[in-house]
Structures are given as structure tokens and as C-alpha cells.
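> This is the structure, below, for whatever I ask next.
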Amino acid sequence: MKKIMSGNEAIARGAWEAGCTFAAAYPGTPSTEILENIAQYEEIYSEWSPNEKVAVEVACGASIAGARALCAMKHVGLNVAADPLFTIAYEGANGGLVIISADDPGMHSSQNEQDNRLYAPHAKVAMIEPSDSQECKDYIKYAFEISEKYDTPILFRITTRIAHSKGVVELSEREEVGFRDYEKNVKKYVMIPGNARIKHVEVEERLKNLKELSNNTPLNRIEWGDKKIGIVTSGVSYQYAKEVFGDNASYLKIGFSYPLPDELIRNFAEEVEKLYVIEENEPYLENYIKSMGIDCVGKEIIPICGELNPDIIREAFYGNQKRELYNLDVKVPSRPPVLCPGCPHRGIFYAVSKYKDIVATGDIGCYTLGMMPPLNVTDTVICMGAGISAAIGFEKVYKMANRRGKIFGFVGDSTFFHSGITGLIDAVYNQSPIVAVILDNRITAMTGHQENPGTGKTIKGEITQVIDILSIVKAIGIKEENIRVVDPYDLKATEEAVKDAYNSSEPFVIITKQPCALIKEVQKKRSGKYLVINQEKCKKCKVCLRTGCPAISIRNNNIVIDKNMCNACTVCQQVCKFDAIEKGGNF
Amino acid sequence: MVKNILFVGVGGQGIILASKVLTEGLLKYGYDVKMSEVHGMAQRGGSVTTQVRFGDKVYSPLIGEGEADVVVSFEKVEAVRWINYLKKDGKLIVNDYEIYSLPVLIGKEEYPNNIEEELEKSGIEYKLFNASKIAEDVGNIKTQNMVILGALVKSLGLEELDWDGVIKDVLPEKLVEINTKAFKIGLSI
């Protein structure tokens, strides 16, 4: 049976067919749908872990206990999980262990463009790279087999265009493999220095065996065409190269990309007139081939920044061959992403935006958009958790440099569980009077509404214990009088909380509680409710526009609210000094 | 021969679902199909695109500038933003519906009023119609994506496939009837 599947769906299907019984992940674009799809198979235990490090560790435990285990994350997630990765590489696998890294060339939804292929040689784990949905499914099955046969974790590396492109996939049935026996083996699974020293030698030996496999695996294959141009490539770059050159080139298509196949590369290079390497971002293949003493052309003509496409490759080889393009004499306005109508983050950002001497360290999530005009609140975004921890660094330096100002750190609920807790512990431990604002919207919103430890539901929709943010904050040692829990739709209460926090000389926490306006139940509850502007009362002062709500606009010199977009959060009504905003619909 | 369809619009307009129905239909036709979409940050009121390529054998999931046989725009100004992707003599399908971006909403930038005029001058073969209004009349503005899809299927000359069956396969049961109705109206545009 054939089906159209995204790479992420195909990976989930492949894992199921391979008899995988265990999967863990933390959501992150472009990897999120892998676990969302796996969770639909009842044979596979699935979980959203609080962060990627935990996801890899639970998968390590599952693998050692004998299950075929998988974990998935976006590229930056592997940084968080690098610690277990480097040591599980020594311990190896019992049940097959596959760690998926979804990289984001072009940074469609990421803060950097790191190329995680470089992790494989660094951590000394085998690496596999599919180039379309069918290969996603097939290679996952292969990955589990190789993991078990060679006693190695597998780094399975995809990119946005593999994860989110759909293609035709031939389906098969599930093969039950059950659970391998677990036998206590401290020499293999307890990495004290004495055992690790022995293990490191074994890992080097394992890499030699894997290199032999790499020379013979069907995942690394030569497709002969015209031998004037020989192209070494992998992942989606292979598709782009085929699109451009078709049969007018020969290809060494690398699907098993660590260790690399020396013999195959050498044979291929000898047969072709000129050797090229086409790869996105880092010159991973190119540097290796050059280190073998083989002459090739890569980053001299293929850009290192951004994602590739057929046109970039065409231009690199044949110069500018622009097609005739249409161009209309129309001034197109920009369309930046914004906080949605009714977004609960708007109220708190609006309240903070009134203070000109607040520095706001932000975090990864929808609230990153607190940086956008007209709110203009956020000063920094680094990574998950840094919303709180970077605030501490700021605060200490502001104090030493005798600068005026108050530091507010912003994190979401999921982000707080991910890595915000440790930052807050630091604030208390090292007595940093920052204000940590935890934006609890009861969901992991930016990645498309995943459950998290605070929502009371698992990935499978089962009811579970709610981890209470307030209790954690108290347990960390934030004093009761320095905690405010507010409804960010209640602007007055929110502004008072911000004022109290601003004036405090101790570590302070504001928790805003209001579910994401896009949650289905929330939408249902508020459907048919909206606000309208009474044009007779409206003085056109535009204060409501400063909330940055996309439902409010100026049309024909009047300020109006789009009733279809309005979410009835009433924040605009509360900022209006002339009572010109009134309730409409079935309020 | 590979055909390229570029869908453009604004997050929340049902673009991804429309491309999904199209790709499922194309698979039924026996075509090799690839579709590419963008998630995450881009969804928050930003400009959204999906790309569908079909033919005997498709390699790249991406469409280059000047390569789209049809550009399907769910919002008026987005058609202009992506016009450079339209192939010479390609077709343009535009929903006559305006969604103001934040810079326009707060009066920092202006929504252009000369789009139709410029389209007329350009010599581009285009269909401009208010799918959102049609969908509202059908009973749910969200079915605008099926109205637009119907118009696309017609311009691709793929009407003879059992699209009703495809819609039934892809959409939840309670939404099938209204969406099929919207799709049929689209077919007549």
C-alpha cells in the first residue's frame, strides 16, 4: 500500500514496523510530528519528556533494558542531550537505540543553523541520513538493526525539508521483535574511569567495523551517469543535485554518513573527471574527502549559509541563469509573525512595556514575539532556560556597574520545566533580585500544542498528575510575599504585580495563568464573543493599537475591531480611557 | 514532465489542508508527488507557503523562482509577494480577500490598492474571486480553502478524478458535506 507521508510520519511508521516499543522526545520544530505520530501506535510507549536530555536518558535506559528505543529532537535539543550521547556511545545499545536530530538549515524556526552531522565523529556514533520520506521509513528499520548488530547508538539526522516534505511511501507490516534480555554488566553499563578506558578502545575498534560496513551498505551507493561530473552528496541535497543534473552527472549518494566509506569514495573519485561535494551548511563530507588527499570542489562554490535549493546549485555550476520573472509595481507590506488575537502573553508584555528601564531577557516560544513592535519588550533570546539565567548575569553586572534598571526574565510553562527551574534555583542561591515571569498558558504552544508536565495529560491523552509551577517556585525558596499569580487578561492586577516586582529587592516571581487562545476548548468557549469600538466615543488616541493585537486596525480613519479575529480577551477594552470599546456578540 | 503548484497565504487559512487534499488526489491519479511546508514561527500570523510538485518522477520538493505553473494565493497581497515564483505564462489564482499585517494595522505601512490594476497590466492569466465570501455563503468561512482548491483543480484540468472521495478520505466526517459543496462551487469558477 502506498501513502503520502512527511518524513516525520514515515519515521514514525518505520519505527512501528521495526518493532520499536519505546519513544521519547521534547517538541521542537521540525522534529515534533515524529513523536506525535508514534504516539498513535498503541504498541509503542511514548512520552513527552521535560527536555531532550531526559528524553535521551530514558531512551538509553529503555535500550539497556532491552527495548528498541527511539528519541527525537530538533538540532539545538541535541546540545541539551549531548551529555548522555557522548557516554552512551561508550556503553552501546542492547535493544536498538536511535537518536534523531532534525536540523533546520535556513532557520525557518530556529535560533541557529548548526550542522549536527559534526556530532557523529565527535561522539563516535554511527550516523544515517535519509533523503526522502521512503528512505526515512526504510532507514529507521535499518538503523535499529545496525544499532543492535554493532552495539552502537545511531544518530539519525534529518533536516527541515526531509521532516516536512511529503512523498510517496510504500508501507509494510510491523515485525514484532519483543524485548532483549537484560543481564547486569557493569563493565558495559557503569562508566567509571576504569571501565570507560577499556570501552574507549572498544569504541575505536567498533568504528573500524562500522567503516567496513559503510563501504558495503546499500545506503551508500554509486549512480553512474556522465562521468565528467562526479557528485558526492547526502540528504535532501541529493534530491536537489538530481533535479539539476539528472543523468548528466554521476553520484555517490551517502546515506550512511559516519563512518564514511573511504574505499567507495576513492573508487568513485578515480572514475570521474572532476569531483564535487554538494551539501548544506558545513563542509562535513568535503573536509573528510580532502583529508583523504582527494581533490574536490565544495564550499568554494556552494554556500555555507542557509538552505540549498536546485537554483543555488545551478547557479554555482553554470552561473546566473535567472528565468524571466514577473514583477508587479505594487508596494508589498511586510508580514512579520505576531502574537495572536487574545494571546495571554499580550497583557504582561503590555504592562512591562510601560517601564523604560526594564531589561527583558526572553526565551524560546511564542513569547519570543514580545520583541516585536509595538510591544518592543524583549532584549535577548539565547536558548531555552536562558530567559531566567541570562537575567541573573544582567542583574549582577548592572549592580557592579551601578546602572539603573530592573531585570525581568521571561519563560513559558514548558520552558520552565525544560530548563528554567535550574536558573531560578541560581537566582535564589546566589541572591539575584531578578523578576522571573513564568507565562503559563497550559500548553507547549509554538510547536503546535503539545502536552507538558503542567497540563495534566500525557502525549497519549491520558490523565496524569499536574506538576504545579507555584509549588516548585515556593520549594525553590522564593518567598511567599515575592510571588504573584495573575490572570494576564486582568490588566490592573497584572500591572500591580509588575509594579510590586519592579520595586522588590529580592528574587521575585510572577506567574501569569491563562490558557493559549488557540486551544480548541478556549476557542469554543469564546466563539461568538467579540468587542466593538463605539465610533462616537472613540477619540482615536490609538492606545489600543499599542497592544499589538492583529484584530484591531485603522480603516478609513476609524479604529475598528475585526469581529472574526477578536478573541474577546478584553485587554484593549481595559487600556481604553474613553470606554469606547464595548462588548458585542453573545458576551 | 513535472508540474509545480505554489500555495501562499497567511497562517490559519487552511492552506496546508488544501495542499493535502490535492496531493492525495494526485497520488490517486498515479503521479509521483512531493509537497513541502513550513511550520513553527511562520504560523503566527506570518506569510505561509506550501509547495506541491507532481509528475512521473519528482526529486526536489522545492519550487524555484519563475518555476510555478500555478501560484494559488489565499490572500490578495500575498499573490504579489510571491509573483516572482510564477512561470512565464503560468496561471495565478487569487482570493480577493485582504488580511492586514500588523505594520498595516498600526498604520506604519499601507495595504496597496492597485493590485488588480497591476495584474491587469501584467498580462498574467489570473482568476480573482472572493472565496471567503463564497465560503461564508456556503455556511463556513473555513471552507474557503476548498473553494480555491476547486478553482485550481479546474485550471489544472484534473476535474475527472473522484475528488469527493478524496475529500471524504482526508476530512473528518462531519465536515465532508459542506467542504464538498464549497469545492464544487470552486470547480465552476
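The backbone N, Cα and C atoms fix where each Cβ goes, and this holds for glycine too.
Fair warning: this is a prediction, and the values are worked out from it, not measured in the lab.
So TrEMBL lists these for the protein:
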- A:Cys538, A:Cys541, A:Cys544, A:Cys576: [4Fe-4S] cluster 1 binding site (BINDING)
- A:Cys549, A:Cys566, A:Cys569, A:Cys572: [4Fe-4S] cluster 2 binding site (BINDING)
- A:529-555: domain '4Fe-4S ferredoxin-type' (DOMAIN)
- A:557-586: domain '4Fe-4S ferredoxin-type' (DOMAIN)
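Let's see these features in context: how buried, what's close, how far.
A sphere of 10 angstroms centred on the C-beta of A:Cys576 ([4Fe-4S] cluster 1 binding site) encloses 20 other C-beta atoms.
The C-beta environment of A:Cys569 ([4Fe-4S] cluster 2 binding site), restricted to residues of the same chain at least 6 apart in sequence and closer than 8 Å, consists of A:Pro341, A:Gly342, A:Cys343, A:Pro344, A:Arg346, A:Gly347, A:Tyr489, A:Ala517.
DSSP states for the domain '4Fe-4S ferredoxin-type' (A:529-555), grouped as helix (H, G, I), strand (E, B) and coil, give 4 helix, 9 strand, 14 coil.
Here the domain '4Fe-4S ferredoxin-type' (A:557-586) has long-range neighbours at 340-344, 346-347, 350, 489, 491-492, 517, 523, 526, 528-535, 537-547, 549-551, meaning same-chain residues at least 6 beyond its ends whose C-beta is under 8 angstroms from one of its own.
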> Out of A:Cys538, A:Cys541, A:Cys544, A:Cys576, point to the one nearest A:Cys566 ([4Fe-4S] cluster 2 binding site) in space (Cα versus Cα); all of them are binding-site residues in the record.
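Its closest listed neighbour, by Cα, is A:Cys544.
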> Could you list the residues of the same chain, at least six apart in sequence, whose Cβ is under 8 A from the Cβ of A:Cys541 ([4Fe-4S] cluster 1 binding site)?
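Residues satisfying the criterion: A:Lys577, A:Phe578.
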> With H, G and I counted as helix, E and B as strand and the rest as coil, say where DSSP puts A:Cys572 ([4Fe-4S] cluster 2 binding site).
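The three-state answer is helix.
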> Tell me the Cα distance separating A:Cys572 ([4Fe-4S] cluster 2 binding site) from A:Cys538 ([4Fe-4S] cluster 1 binding site), rounded to the nearest angstrom.
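Cα of A:Cys538 ([4Fe-4S] cluster 1 binding site) to Cα of A:Cys572 ([4Fe-4S] cluster 2 binding site) measures 13 Å after rounding.
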> Look up A:Cys566 ([4Fe-4S] cluster 2 binding site) in the DSSP assignment and report helix, strand or coil.
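Going by the DSSP assignment, A:Cys566 ([4Fe-4S] cluster 2 binding site) belongs to neither helix nor strand, so it counts as coil.
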> Taking the centroid of the Cβ atoms of A:Cys538, A:Cys541, A:Cys544, A:Cys576 ([4Fe-4S] cluster 1 site), which other same-chain residues have Cβ within 8 Å of it?
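After dropping the recorded site residues, what remains is A:Ile533, A:Lys539, A:Lys540, A:Lys542, A:Val543, A:Ile559, A:Cys572, A:Val575, A:Lys577, A:Phe578, A:Ala580, A:Ile581.
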> Please list, in sequence order, every residue of the chain apart from A:Cys549, A:Cys566, A:Cys569, A:Cys572 whose Cβ lies within 8 Å of the Cβ centroid of the [4Fe-4S] cluster 2 site.
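Going along the sequence, the neighbours appear as A:Pro341, A:Gly342, A:Arg346, A:Leu531, A:Thr547, A:Ala551, A:Ile552, A:Ile561, A:Asn567, A:Ala568, A:Thr570, A:Val571, A:Gln573.
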> Which is it, of A:Cys538, A:Cys544, A:Cys566, A:Cys572: the one of these binding-site residues whose Cβ has the most other Cβ atoms within 10 Å?
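Per the Cβ count, the most surrounded site is A:Cys572.
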> Give the distance between the Cα atoms of A:Cys544 ([4Fe-4S] cluster 1 binding site) and A:Cys572 ([4Fe-4S] cluster 2 binding site), rounded to the nearest whole Å.
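With distance taken Cα to Cα, A:Cys572 ([4Fe-4S] cluster 2 binding site) is 5 Å from A:Cys544 ([4Fe-4S] cluster 1 binding site).
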> What's the CA-CA gap between A:Cys549 ([4Fe-4S] cluster 2 binding site) and A:Cys576 ([4Fe-4S] cluster 1 binding site) in angstrom, rounded?
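Computed Cα spacing between A:Cys549 ([4Fe-4S] cluster 2 binding site) and A:Cys576 ([4Fe-4S] cluster 1 binding site) is 14 Å.
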